[in-house]
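See structure below.
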Amino acid sequence: MKRKSLFSFSISLCLLFTAVMLQAVESAKGKYAHMLFNELFEDYSNALRPVEDTDKVLNVTLQITLSQIKDMDERNQILSAYLWIRQSWYDAYLKWDKDKYDGLDSIRIPSNLVWRPDIVLYNKADDDFSEPVNTNVVLRYDGKITWDAPAITKSSCVVDVSYFPFDSQQCNLTFGSWTYNGNQVDIINSLDSGDLSDFIEDVEWEIRGMPAVKNVITYGCCSEPYPDVTFTLILKRKSSFYIFNLLLPCILISFLAPLGFYLPADSGEKVSLGVTVLLALTVFQLMVAEIMPPSENVPLIGKYYIATMTMITASTALTIIIMNLHHCGSEAKPVPQWARVVILDYMSKIFFVYDVGENCTSPKREKEEECKLEGDDSCQRRHKEVRSHLSNRNDDCDLKEKLNGNFNKSYGIHGEKVRETVNCCYCYKMLIKNIEYIANCVRDHKANRAKGIEWKKVAKVMDRFFMWIFFIMVFFMSVLIIGKAA
């Protein structure tokens, strides 16, 4: 028991001694750091380039780390990004011998105490021209200064929306010195591309790369070269949101337009369906127009909307024309011979269109066709029989009148039976005239009705024809837009 207590006591003493020594070392380093700071900045000025020879070029190493894409404003063509900007250079007046300062090799001081290169974002699109964040810099004993500063940048970006929502964008971030030319400050790429290791995934954009290119440009105002580093941010839009909210509803609505031809003409909803679909597509078109910039490049989805709206407008106009054909009555002209051959004989069989009131499941279709074919002959046959029967009765009446007349002349007999026979024959003559009038009216009515039925069948065949034509057009338009997106 005593051994355990002694062992614990010794461990506690060792830990206490170690903590005291560490505190002493830290206090010693803090003492040397204050001494070093006072000596370094006693005669230091941050207004001039820290080079011993003014003709010598000061090299500044630049590294950009992309942390997050905050916003891509396509309408105003502005990219907002959160960057970590690292700049490093050598200051000839901020060096020391670390052995004289108890091995102190680096200190951290406010960045406004040292000279800093005036590297700015050339294509900045922000109204706020505030200075960089005054974070601390790391100063090493050999004079190397490393300055890490976060920044939220708004840069101009030329947005091409020709293939929206399957588009890719390239936005440039150009950094360079604002006042120093290439003979005074030279910019060197730390990496061949921007650092994407700490990038936070964006919900709308996918990063495909961020290559860096150094450019040396001579402007018209000055003869000296001005170097800059351009980081090209390659973005690919994630199109799932727009497919399910803009494209897929449009495709489904566009497939409703050909179904307007399938509606019965007597329903009264054919034109209403076309107008409703047209209004729905107009709403989607306005939604896309609010997102896109007002440029000459029409987005791919906008072209699809315009083509679909044009198709629906044409289908509505054709529906109105076909409805006029459907409602042609007895006053209309007969169906032309070419239309009867092409539309009623051939196209009706191709599109499985039957007579008005029939469908493909009618069990009495063949019988009705036979009756229709034989109807006129039987009607004429029955009419001839009636006429022959009535004419025979008329001949009988004439014969009776002759016999009665001869009999009366011979025997002088006059009575009520003779008058009854004459009246009966007169009734038969009137009956024949009435039956002929009724038969003519029925024949004219059937002819007019057949004419209207033919026009209705023509309208029905044209409905089926345009329905399949517009279905094929919608299908190929949808395949075309998906193919261009791929």
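Keep in mind that glycine also has a Cβ here, set from the backbone N, Cα and C atoms.
A TrEMBL annotation is a machine prediction, not a hand-curated record.
Residues or ranges marked as signal peptide in TrEMBL: 1-27.
Annotation comment: TrEMBL describes 35-238 as domain 'Neurotransmitter-gated ion-channel ligand-binding'.
Residues or ranges marked as transmembrane segment in TrEMBL: 241-264 (among others). Note on the transmembrane segment (241-264): residues 164-165, 204, 270-271, 273-274, 277, 280-281, 284, 287-288, 301, 304-305, 308, 311-312, 315-316, 318-319, 322, 463-464, 466-468, 470-471, 474, 477-478, 481 of its chain, located 6 or more positions outside it, place their CB under 8 angstroms from a CB of the stretch.
According to TrEMBL, the domain 'Neurotransmitter-gated ion-channel transmembrane' annotation covers 246-481.
For the transmembrane segment (271-292), same-chain residues at least 6 beyond its ends with a Cβ under 8 Å from one of its own Cβ atoms are 74-75, 161, 164, 246, 249-250, 253-254, 256-257, 259-260, 263, 299, 301-302, 305-306, 308-309, 312-313, 315-316, 319-320, 323. Per TrEMBL, the feature transmembrane segment maps to 271-292 (among others).
If you look up TrEMBL, you'll see 304-325 (among others) marked as transmembrane segment.
Remote same-chain partners of the transmembrane segment (465-483), defined as residues 6 or more beyond its termini with a Cβ less than 8 Å from a stretch Cβ, comprise 247, 251, 254-255, 257-259, 261-262, 300-301, 304, 307-308, 311, 315, 318, 322, 347, 351. Taken from TrEMBL, the feature transmembrane segment applies to 465-483 (among others).
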